[in-house]
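The block underneath contains the structure these notes are about, expressed in structure tokens.
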Amino acid sequence: MSSWLDKFVPSIVRSESKRSAGSVPEGLWKKCPKCENVLYRPELEKNLDVCPKCSHHLRVSARRRLDIFLDKEGRHEIAAHLEPEDKLKFKDSKRYKDRLADAQKATGEKDALVAMQGALNGMPVVAVAFEFSFLGGSMGAIVGERFIQAVNVCLEKRIPLVCFSASGGARMQEALISLMQMAKTSAGLERLKQEGIPYISVMTDPVFGGVSASLAMLGDLNVAEPNALIGFAGPRVIEQTVREKLPEGFQRSEFLLEKGALDMIIKRDEMRNRLYNILSLLTNKVA
């Protein structure tokens, strides 16, 4: 049955309108979670996924993070073959095995950490980045092992390590195995320290739980992106526990910098050059 509009609008116009509407690619626009402006995705990507309206740093994938940070040439992924196992046969409302399969399909990653050897403005480095979209960037056995293998490359080649954290903490589905990764990664970083090899921890939004209580806060330099949420327990959990309203901006990177918990805050478009200059000083390779 035709509508009253069909009588007034020629069929050729209606068909052209439908064709035009269907030709707009999906995912061409993205809404800023802070200012709520609708942003053109290609322009947003050119701006390193930072909102041009309010300068909010949007969350990015692990590979996007490493692509922004490392030089384009000479990259080599570390421990890419490692895959997680459901050794405990864990099941809550869903089997852990199924959660892993869903996360792998959604992200294209085998687990929540990507490690790469590459260069920063020509300086050899190893960089690792958490994939928050993979089970909240939670740390399990494979995340811990990839981190340690990245540390081993740094020890072998005597090059710096940079870690971009974005995690909800330890992976509950791996229970004690997950908690062991806190000690494992911390022990690996102690080996770097003993050898005098620099480790810079970059905290991005968000960093919580066992990751914030271990590798994220153990850098020779602890830095963060603007407005990143960083802590151990989340603000809602704390408010429910202490039954008090938290201060404005509590657990944001600016608040932590003011209280001395961070060394500096670096904008995304300044990250490469700022960290290159710092690592040049720490490795005595100032041009």
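Every residue, even glycine, has its Cβ placed from backbone N, Cα and C.
Noted in Swiss-Prot for the protein shown:
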DOMAIN    28-287  domain 'CoA carboxyltransferase N-terminal'
BINDING   C32, C35, C51, C54  Zn(2+) binding site
ZN_FING   32-54  zinc finger
Cβ within 8 angstroms of the Cβ centroid of C32, C35, C51, C54: which residues besides those meet this for the Zn(2+) site?
P33, K34, E36, N37, L39, P52, K53, S55, H56
Could you tell me what the rest of the chain brings near the zinc finger (32-54), counting residues at least six beyond its ends with Cβ under 8 Å?
60, 64, 68, 227, 267-269
Using a 10 Å cut-off, grab the number of neighbouring Cβ atoms around the Cβ of C35 (Zn(2+) binding site), all chains included.
12
Same chain, 6+ residues apart, C-beta under 8 Å of the C-beta of C51 (Zn(2+) binding site), given in sequence order:
C32, K34, C35, N37, L39, L44, H57, L58
